[in-house]
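What follows is one structure encoded as structure tokens, with my remarks underneath.
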């Protein structure tokens, strides 16, 4: 039984390998999964917001750490909350930068990030209020509490943007 002639297309001519058009090469390299880093996330609003949160948390931690403490339990709680929040924000930043969320699909990353920000923001607000109330006008402690409040505001912005992205877009797509 003969099934007829088959044509097999290759991307190569007898003169050598064919070069893809310039627009196709640029678009395929910009959005491919083969890239290690997501360069667009560095410049996105969410990426810049995470960097600002990390910077304000580090500055608040250093300000409190290098000041004379008036209440050990209040400032140790502030330091623990700022460092835990910093580690989690860095964790989610790395998840987005290296596109790990595409590989680990068993985790709902928007929900995990939303819950992290919700719990972390509440704890950071409490820690900043306690640190501000125990500062007794010592400049380093006041600065630490101020940067704690700044990080709290930035975390609230992240909560709002993640809620807006995950919940509102899902409800409008139905």
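Cβ coordinates come from backbone N, Cα and C, glycine included.
Where the annotation comes from TrEMBL, it is an automatic prediction and has not been curated.
Annotated in TrEMBL:
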type	residues	note
COMPBIAS	13-29	compositional bias 'Low complexity'
DOMAIN	41-167	domain 'MARVEL'
REGION	10-29	region 'Disordered'
TRANSMEM	40-62	transmembrane segment
TRANSMEM	74-94	transmembrane segment
TRANSMEM	114-132	transmembrane segment
TRANSMEM	138-160	transmembrane segment
Please give the sequence-distant neighbours of the transmembrane segment (74-94): residues at least 6 beyond its ends with Cβ less than 8 Å from one of its Cβ atoms.
47, 50-51, 53-54, 57-58, 60-61, 64-65, 100, 113, 116, 120, 123-124, 126-128, 130-131, 133-134, 141, 144-145, 148, 151, 155
Within the same chain, where does the transmembrane segment (138-160) have neighbours whose Cβ lies under 8 angstroms from its own Cβ atoms, ignoring anything closer than 6 residues to its ends? I mean 6 or more beyond.
46, 49-50, 52-53, 56-57, 59-61, 63-64, 66-70, 75, 78, 82, 85, 114, 117-118, 120-121, 124-125, 127-128, 131-132
On the 0 to 100 scale, where does the mean pLDDT of the domain 'MARVEL' (41-167) fall?
93
DSSP on the domain 'MARVEL' (41-167): how many residues come out helix, how many strand, how many coil?
108 helix, 0 strand, 19 coil
